[in-house]
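Beneath this line is the structure, given in structure tokens, with notes to follow.
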Amino acid sequence: MEGQQHGEQLKRGLKNRHIQLIALGGAIGTGLFLGSASVIQSAGPGIILGYAIAGFIAFLIMRQLGEMVVEEPVAGSFSHFAYKYWGSFAGFASGWNYWVLYVLVAMAELTAVGKYIQFWYPEIPTWVSAAVFFVVINAINLTNVKVFGEMEFWFAIIKVIAVVAMIIFGAWLLFSGNGGPQASVSNLWDQGGFLPHGFTGLVMMMAIIMFSFGGLELVGITAAEADNPEQSIPKATNQVIYRILIFYIGSLAVLLSLMPWTRVTADTSPFVLIFHELGDTFVANALNIVVLTAALSVYNSCVYCNSRMLFGLAQQGNAPKALASVDKRGVPVNTILVSALVTALCVLINYLAPESAFGLLMALVVSALVINWAMISLAHMKFRRAKQEQGVVTRFPALLYPLGNWICLLFMAAVLVIMLMTPGMAISVYLIPVWLIVLGIGYLFKEKTAKAVKAH
């Protein structure tokens, strides 16, 4: 598989270290750096428990996807499994849903990049920075998969070092007495208890917490280009979860011990507050580099992910055939360009449209992710049933099957209910049936076209 091939094969150019950090980088993004502030305000120190619960659900989903991917490492990942074990509409819907999800995320991250650049150069409009990084990252992804893996590896390294530095520095402030009189582990329970707003405060935040873990399923997408999927996928799946729990739970435990949670404001990153102790300008610049890297890293993953998903859809016959080709370096150029074109349109819409349109798009991301994870779990149940009937013993079985699947599905349902009760998020839940109808129409059109072609 390692040779230069032309036609319809992706090149296996990703090593285990790339796959580990692609998943880790996908999960350490804006959610941890900025999103945790509003959760802390609502849930207090209980956010730590929230991340543990969401981390467990994410791990179950990753293991379900991991089991399928180790057996059949193909491009298109779970849309392939939904297609093969559940039915052609399920494959069509899950693939396109995932593609749209990451186009929306890509657009959001590019906008964030523009805002971060303004920290240094306020006179540069956001759309200019977004356009520059849009061109650079897409150009890099057009070279070959190894370059993508290498770039994502270093992006993720920067984020990981920043979080580790924060944990070490925070722990030093805490235990050396240099953190001031307010720094004490008792902050975790002194200010109105571990769950100051009761369990309700935590439950209402589970939707936002869950989306910090979105991106973990990137491990499944990398399978077709992994050097040795039978070994690297189980390893990446099992190790990533420990690391994420250390990064999320570790950093938040240190953060919330350093000062009372009541001092966290929704419009500032909690990380800015803690690094503030180092002295203003150095910290502000260092942190801005980190959040900029985080946004670029997630956008980089989006470009990779979208092109591979579209490639998989084309191979299944769910997208135009021209998208199922790769160049002599094994890069799916057409799918990268098509995904880029749509993302560029989003940047334009984002530039022209008021903030409300952008808020709505982000709420759609939330719903698309729920559909995505639920479909992984459902496709896995069908996959396991089929394998049991064939008498096949899988090499990397998921945890707690089938109970684990039902736990995940109940969790997704609960998240949707929570979103219905959350102002600004409810609209995206109402749009789920509309989106499914659009997918249904697209599927019928595809079937009709395929029949017409056969008739000729």
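Cβ coordinates are placed from backbone N, Cα and C, and glycine is handled just like the others.
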Quick test of your reading of the annotation: per Swiss-Prot, do Glu230 and Leu420 share a side of the membrane?
no
So are the transmembrane segment (155-175) and the transmembrane segment (240-260) touching or not, going by 3+ C-beta pairs under 8 A with a sequence gap of 6 or more?
yes
Who are the long-range neighbours of the topological domain 'Cytoplasmic' (63-85) in its own chain, taking Cβ under 8 Å and residues 6 or more past its ends?
10, 91-95, 98, 217, 219-221, 223-224, 226, 229-230, 233-234, 237, 308-309, 311-313, 315-316, 318, 375-380, 382-387, 392, 394-399, 401, 404-405, 408
Folded-back contacts onto the transmembrane segment (399-419), same chain, C-beta under 8 angstroms, at least six residues removed:
57, 59-61, 63-64, 203-204, 206-207, 210, 366-367, 370, 373-374, 377-378, 380-381, 384, 425-426, 428-429, 432
Do the transmembrane segment (425-445) and the transmembrane segment (86-106) share at least 3 Cβ pairs under 8 Å, sequence separation 6 or more?
yes
